[in-house]
Amino acid sequence: MTEEHVVLLDEQDKPSGTLEKYAAHTLNTPLHLAFSCWLFNEDGQLLVTRRSLSKKAWPGVWTNSVCGHPQQGEAIEEAIIRRCRFELGVEITDLTPIYPHFSYRAIDPNGIVENEVCPVFAARATSVLQVNNEEVMDCQWSVLEDVLRGISATPWAFSPWMVMQASDDNARELLSEFANGN
């Protein structure tokens with residue numbers, strides 16, 4: 001894969017430039033655009049993934065199915081499809097906004113800062129997973145309610161963005177409806 005960049009955002013969340021992805025994620029990360037996707041199978045189970053130990057931020061933690069950054073000029077939906085293929089080797093359908101105005105700032109144990117405007121989507125997997133082990137060290141299809149209980153009981157085991165997304169009542173309701181095929 002070619003060198004990835006992040007789209008930097010100004011105070012009004014408008015694109016203001018780009019920066020190489022690894023240069024952007026530091027102790028002083030500028031605000032940038034990202035996305036999160038919660039991927040479900042035909043049985044309504046959620047794919048939770050464990051971030052590779054080689055990840056710069058939050059290595060080894062469990063998180064939602066796929067996250068990433070759109071490239072300059074790339075629609076978020078196109079970026080989600082690209083990252084699902086790259087990280088999980090999977091095709092998706094029914095891409096649906098769940099929490100379009102989610103944003104957060106979090107600091108990982110190594111001091112790396114995430115500072116993102118990060119729309120959240122749900123989608124359905126339409127093919128068998130072929131996981132890229134450089135991105136994902138483990139994954140599991142789980143019942144959404146079980147995952148939400150796990151997040152509540154042990155939030156430290158999950159990415160902060162997943163915990164924050166799961167704590168939003170409206171997002172939880174929309175994810176549950178999506179899982180149930182509504």
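Cβ atoms are placed via backbone N, Cα and C, with glycine included.
Binding site for Mn(2+) per Swiss-Prot: His25, His69, Glu114, Glu116, plus His32 from the candidate set His32, His101. For the pair His32 (Mn(2+) binding site) and Glu87 (Mg(2+) binding site), the Cα-Cα distance reads 21 Å. Residues in the domain 'Nudix hydrolase' (30-164) partition by DSSP class (helix H, G, I; strand E, B; coil) as 31 helix, 51 strand, 53 coil. When Cβ neighbours within 10 Å are tallied across all protein chains shown, the highest count among the binding-site residues His25, His32, His69 belongs to His32.
The record gives His25, His32, His69, Glu114, Glu116 for Mn(2+). Within 8 Å of the mean position of their Cβ atoms, the other Cβ atoms in that chain belong to Val6, Lys21, Ala24, Thr29, Leu33, Ala34, Asn115, Cys118.
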